[in-house]
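Quick notes on the structure that follows.
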Amino acid sequence: TSAALALLGGSVAALVVWKWLGKKMVQKKMEEARKTRDEGMKKMAKAVQQFREQVPSVQRDAILSLPLLELTAKLQEGSLSPRTVLYTYLEKVSALEVTQQTNCLRHFIPECEEQLQEIEGHKEKGLLYGIPVSIKDHIGHKGQLATCGLVQFLGTPMEEDSVLVKVLKRQGAIPFAMTNVPQSLFSYTCSNPIFGQTLNPLDPQRSPGGSSGGEGALIAGGGSILGLGSDMGGSIRLPCSFCGLCGLKPTASRLRWVLPCPASPLGSRAVVVPCALGPMARDVDSLALCMKALLCQEMFQLDPTVPPIPFNEQVYSSSTPLRVGYYDTDGYFPLPPCMRRAVKETRSALQAAGHQLVLFSPPRVPYVMTELFMKTCFADGGRTWLDVFTGDIVDPGLKSQVNSCKIPRLVKKLLALLVKPLQFLLLLKLKDAAMISTCRSVKEMWNHHHQIQEYRAQFIALWKELQLDVVLCPVLGPAFTTGFPGKLLTAISSTMLYNVLDFPAGVVPVSKVTEADEEELKLYRGCCDDPWDRTLKQAVSGALGMPVAVQCVALPWQEELCLRFMKEVETLSHHQ
């Protein structure tokens, strides 16, 4: 007995030591990653200083204030050089004006100087000639990491550029920075244990959104003029809403998708509810130029799976009146008063401008949220997602989701039985109910795929019955106070819907939070004045002056029409 107890005690002690050593190893890797980032920033700051000494007369603020189309024109005509523009943006970032305030940068791309020399030697100038472009952490760039905010990916740099980066470079763009993301990408906050929490440049007490939150913060802070993000449930549109930017989630296959991050719970299931790459910028014209540059022969040749559909300038430039469907609530998660006000004011402006407005009600959004979207993400009860955290430190913003996935399967089944009768009463907002939706067999999985196709067909039939061109609808916002996105995972129904449908959808800022909005928020009760409604109220309160956006949607493969509608909304909001 004594020997057995001694053996047991020794085993426990060994396990404790093993875990302690593992944690120390993880912490060491994270410290090395942060040190590498800081050293890269110092090197870039030194290079910027050398440039300033060589060319002291650069009108820095004038360059930074130029919209993308004007900057492109000056680069094309030669009145500005790519070198001057690149180092002006590098200075904005490396001088810590943006990064110290927001912690949005994951790493500079030192190869940007090689790309600069490359384009300076070319006679032909691409559509993005000399434009510095920032890219999200997991979009592959040769020699750089794609971490997804996870320690296990710190030691494996990419062996080649992703198709997207290759096309950007062929169009003369200069990828110069990689931006921060939430751990595993499955969150609309922007924090991970390696590089920390990214903050909103418009209010450092608030989140920039996610998962393309580093992009949102860098562009809104003036450190980048054009960025590339990805969207799994709103990951481009939510940062744009929170940071006052324009962003487009295209039909997933319109642009070359990078290999899904192994950390994402969507993983290979991205085919069912597709992820999309898309641009983020200060205005709609910038998004259109980026799409025009990317939808080129190089893209179609590098990846034959991308449909060879060039950008349709005629559709984007059209002024034909549109038939616009609209709604200000999806019947699932009532948004704050200011977001509904934005839809109503935009609807009135569109009507006054000669467009036809038709009330539209998206069908069965509660069913889509829990039975279609969440069941896709957590078909295996979240086990695949949990695997990526093995040996890692879980970010505080993800702990509730991780703990929910760790609930034993038998307990989940019992919870599912208890929750099911109450689902519609609670509007399915129960945070952990999302983790209960699973597919218990291959047959059930095939049936689940069929249900998604059925829903898409039903939605399109309703759209066509009303003879709609586009839809105007709300987007989640204004920016949440830091720490709240992790408490309201299911609040993303406004954006998630169009991932399930795989429709192009974009976000345009149209207003700001007013004192009247704040007063009306005090009366906000949501649908039931339940804990989730009260948490949302806390998350957005005190956002006076923060951006308020709307969402614009078109049918699949109609990105140009979506952008044209976004441009119309942008123009009318500026007039107002």
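Every residue, even glycine, has its Cβ placed from backbone N, Cα and C.
Where the annotation comes from TrEMBL, it is an automatic prediction and has not been curated.
Note that the structure is a prediction, hence the values are computed from the model and not measured.
Quick look at what TrEMBL annotates:
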DOMAIN    97-563  domain 'Amidase'
ACT_SITE  Lys136  active site, charge relay system
ACT_SITE  Ser211  active site, charge relay system
ACT_SITE  Ser235  active site, acyl-ester intermediate
Length of the line joining the Cα atoms of Lys136 (active site, charge relay system) and Ser211 (active site, charge relay system), in Å: 9
Under 8 Å by Cβ from Ser211 (active site, charge relay system), same chain, sequence gap 6 or more: Lys136, Val181, Pro182, Leu185, Phe186, Ser187, Tyr188, Cys190, Gly229, Ser230, Met232, Ser235
Average pLDDT across the domain 'Amidase' (97-563), rounded to a whole number: 91
Least buried by Cβ count (within 10 Å) of the active-site residues Lys136, Ser235: Lys136
